[in-house]
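Listed features, source TrEMBL:
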type     : residues : note
DOMAIN   : 43-188   : domain 'DUF7973'
DOMAIN   : 198-342  : domain 'DUF7973'
TRANSMEM : 37-55    : transmembrane segment
TRANSMEM : 62-82    : transmembrane segment
TRANSMEM : 88-111   : transmembrane segment
TRANSMEM : 132-151  : transmembrane segment
TRANSMEM : 171-191  : transmembrane segment
TRANSMEM : 211-233  : transmembrane segment
TRANSMEM : 253-271  : transmembrane segment
TRANSMEM : 283-312  : transmembrane segment
Amino acid sequence: MAIFAKPYLNKGKKDMIETIQMAAQASDFVNSFGPSAGFSLFWAICAIGGGMIGAGIGGNWAFVMTGFSVFLGFAVAATTGSDVVLNYMAFGPVFGPHICFAGAVAAHAYAGKLGLLGDKKGKDIDTSPAGFGNPTMLWIGAAFGLGGYLVERCIRLIPWFGHNTDTVALTVLLSSLVVRLVFGKSGIFNWTSQLTDKECWLRWQEKPSQWITIGVAASVLSGGLTLTVAYLLPHVSPETEKVLLANAQTLPFGISAITILMLILGFKIPVTHHITITAGLAAMVWFPILGNSLLLALLAAVVFGLMAAGLAEFAQRLMYARGDTHIDPPASSIWISHTIVRGLGLLVMAAMV
C-alpha cells in the first residue's frame, strides 16, 4: 500500500523508493526468524501452536484475541516504530486468523461431525472445543494452523496477485473449504434466497436495508479513523510514519474484531470487520487519486465498504447458510474486495501518469 504514499510525503524519487521498500518489509526481528514473503521453520512450528490454541478456545474467541493484538501492535508501533507485534502476533503464528481462527474452524467441524454441537453442527464457532476433552480436536487445529501458514506464504509468492490481495483472508477461505470437504456432508455451494433462523449467519444483517445501513456507518467510521491515523498524527518519527502508513486500515479492523466479544456474549451487534478493513484500505488507496480530498476519500471508503458488505451477504447465502461447517462470509468478502480496491487503484494511477 505504500506505493500510494507519494502525494503525502513530498519526497524525491529516491526517498519514495526507500519508503516503499521499508513499508513492505517486516522488522529485523521478523526477518531474522522468517522473511515476510518467505518460509521459516520457526514460524511454521509456532503456527502449529497457534492453530492448537485456536482449536482450544474457539473461533470467535480467537478472533477477538486478534483484535486485541492489533491494538497492542499499534501501541508498539507508535512508540518504537516496529511492526513486529502486528506481523507476528496479530497477523502471524500467534493470533493470525489464517492460523488461529482457521485451526478453530477445523476443530469445530470435527466436533460437529461427532454430534457434539447440536443443531448448529460445525458452524458453532463460539463453543470452546477444549471443553469436550478430546485432544484430537486440538491436533486437528494444529494441522490446519500449519496448513494456514504454508498456504498463505505460497499465495504471497504469486506474481502481482500475492501483493495485491488479502492473503490472510483468502487463506481463511481456502482452509474452510478444505474443512467442509473433509468433515462436512453438505457440499460447498448451496445457494438459498430463503433463510431460516437455524441457517442464517446474522438475522439482523441479512436484508439490503440492514447491511447497507451498517455498511455506511462502519465505512465512515473506518475511513475517517484510517485517514487520521495515517496522515494526521503529529510528532512521529519517519520509521513510525512508514509503519502507520502500511497498517493504518488494520486499526478499525481491530475495533471490529474486539466487538465480536459482545456477539459471543449474546448481544445482537453488527459484524463489520470485512467492511472496516476494506473501507480503510480504500480511503488510503484513493486519497491521492482523488486529489488528496478527505471527503472524496471518505466517499470512496463508503463505496468499497458497501461492496464488501454485499459480498459477505452473497457468500453467506452461497456457502454458509445451507452448510454444516463454517465458511466465513467476511473472509470470503475481504480478499475479493481488497483485490478490487488495489487493482482499480493501480489501473487509475497508471492512467494518470
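Numbers here mean position along the shown chain, with the first residue as 1.
Cβ coordinates come from backbone N, Cα and C, glycine included.
Source: prediction; values computed, not measured.
Between the transmembrane segment (171-191) and the transmembrane segment (37-55) there are fewer than 3 Cβ pairs closer than 8 Å, counting only residues 6 or more apart in sequence, so the two stretches are not in contact. Across the domain 'DUF7973' (43-188), the DSSP tally of helix, strand and coil residues reads 110 helix, 1 strand, 35 coil. Note on the domain 'DUF7973' (43-188): mean pLDDT across this stretch is 96.
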